[in-house]
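Following: one structure in structure tokens, then a few remarks.
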Amino acid sequence: MSTPAFVIIGGGLAGCECALALARANLPCTLYEQKPEAFSPAHTTPLLGELVCSNSFRSNDAQGSGVGLLKEEMRRLSSVTMAVAEHCSVPAGKALAVDRTLFSQELTRLVEEEPLITLVRRQIPSLDAPELEGKTVIVAAGPLISENLAASLAGLISSDGGPSRLYFYDAIAPIVRADSVDMTIAFRGSRYGNDAPPPYSDDAPFLEKPMETMVDPSAEDNGDYVNCPMTRAEYTAFYEALREAERVPAHEFEKEIHFEGCMPIEALADRGERTLTFGPLKPVGFTDPRTGRRPYALLQLRAENAERSSFNLVGCQTKMTYGAQDRVFRLVPGLAHAEFLRFGSVHRNTYVNAPECLNNDLSLKVRPDVYLTGQITGVEGYVESAACGLWLGLLLAARAKGRELSLPPQTTALGALMNHLRTPSRQFTPSNIHFGLMPELAERTKKKARKAEMSDRARADFAAWLTTAGL
């Protein structure tokens with residue numbers, strides 16, 4: 001066999017999926033996996049595709065969840081991850097969960113038995129390593145990439161003298177649908193947008209008719225933010241719920257994540273009752289339209305996309321459990337009936353600022369012979385990581401045969417996820433797949449039917465794309 005043209009660094013879900021996609025196209029590759037020569041703080045076995053956290057691949061509901069829809073699209077693209085997961089599944093209701101040992105054993109077997117994949121158990125310390133010379137390099141090293149390789153990557157993407165574009169922790173705030181925010185309470189406006197209001201007073205009554213600031217949160221004027229004002233009583237209820245909420249325990253390799261840049265909101269609350277009101281919930285510069293006075297506290301919502309169809313809760317990155325987030329954040333005035341598209345998190349996660357660092361084909365702008373895939377690109381989750389590896393494998397396979405593979409439409413789950421990596425934002429953060437990454441429906445529909453209609457649109461558009469993609 002001739003020397004493989006493709007070299008993949010990392011035998012996780014993305015790396016294995018990419019390697020097997022290349023092999024299906026009769027393209028040889030070398031897959032470098034550092035285990036058992038070296039282990040990250042989270043990995044314990046020499047198996048490929050080791051699942052270090054949950055054994056769940058989340059919902060299988062393709063009509064009601066973005067990840068269920070993504071899995072359906074991956075199956076249509078012959079995803080090995082999906083096939084192995086179903087083969088090793090365990091009962092989990094409407095979710096897809098696996099026996100994690102059997103899953104990794106089966107994925108390892110498929111890679112080891114594939115004649116077009118050369119598996120090398122050795123660590124690659126640098127992107128200038130001699131093993132990579134003259135090859136198309138695919139970095140699928142995952143969120144716990146080795147320090148040496150991370151330093152090499154950071155040196156490349158910051159070689160223009162600008163700030164580092166490689167991050168080692170993610171701080172993700174919840175996202176809500178814009179049209180689920182109660183705009184009889186929340187209001188549009190930027191800080192210091194009007195004259196200074198009278199100071200807050202516990203005795204200030206709610207006005208019979210609130211001030212005229214209630215507007216469509218998706219409108220493009222009246223300020224950049226949607227604001228949720230709080231009285232002292234409302235803030236106290238929110239604060240106490242924060243303090244009492246159940247939190248996700250940190251893994252051993254995440255012990256030092258509480259630094260100021262991504263402090264969980266509940267950790268700030270632990271510092272004292274007024275800490276939040278001098279931090280992310282600072283009320284100065286705003287008028288509560290219910291009282292005509294400055295609110296006691298205020299939570300801001302910032303547009304998540306150009307269509308302003310979804311908003312993130314500014315400063316609300318959190319390690320609360322999803323159930324606790326659903327309960328606690330509904331205590332914020334205006335969010336009692338909000339539809340949460342994504343809940344928040346804070347954890348160890350090495351990733352790049354993809355819109356700044358990567359071309360549309362996931363190659364580095366500063367070195368186009370090096371591609372990134374998996375969680376290091378800024379996708380979040382097992383399924384999303386595997387989908388990213390699958391997509392890159394298909395793209396490179398098509399290119400090797402003289403074809404260019406167009407991205408599926410943004411109306412599909414895979415297209416929406418990959419488009420997230422192309423879309424510049426004020427503060428790029430990793431994301432899992434959710435319906436908020438997709439364009440709104442042409443016509444407004446009832447909440448209960450919206451996801452089903454978006455799924456139907458995605459299926460039709462994905463099928464149409466498949467007929468022209470040549471896959």
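Keep in mind that glycine also has a Cβ here, set from the backbone N, Cα and C atoms.
For Gly10, Gly11, Gly12, Leu13, Ala14, Gly15, the entry in TrEMBL reads FAD binding site. What TrEMBL lists as domain 'MnmG N-terminal' is 7-404.
Everything TrEMBL records as a feature, shown here on the structure.
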| residue | record | Cβ contacts under 8 Å, 6 or more apart |
| --- | --- | --- |
| Gly10 | FAD binding site | Tyr32, Glu33, Val139, Ala140, Ala141, Gly142, Ile145, Gly374 |
| Gly11 | FAD binding site | Leu31, Tyr32, Glu33, Lys35, Leu48, Gly49, Val111, Leu119, Ala140 |
| Gly12 | FAD binding site | Leu48, Gly49, Glu50, Ala140, Ala141, Gly142, Gly374, Ser385 |
| Leu13 | FAD binding site | Gly49, Thr81, Gly374, Tyr382, Ser385, Ala386, Gly389 |
| Ala14 | FAD binding site | Ala140, Gly142, Thr373, Gly374, Gln375, Ser385, Ala386, Cys388, Gly389, Leu392 |
| Gly15 | FAD binding site | Ile8, Ile9, Leu31, Glu33, Leu48, Ile138, Ala140, Ala141, Thr373, Gly374, Gly389 |
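The secondary structure of Gly12 (FAD binding site), as reduced to three states from DSSP, is coil rather than helix or strand.
Other than the site residues Gly10, Gly11, Gly12, Leu13, Ala14, Gly15, same-chain residues with C-beta atoms no more than 8 angstroms from the centre of those residues' C-beta atoms, the FAD site, are Ile8, Cys16, Glu17, Cys18, Leu48, Gly49, Ala140, Ala141, Gly142, Gly374, Ser385, Gly389.
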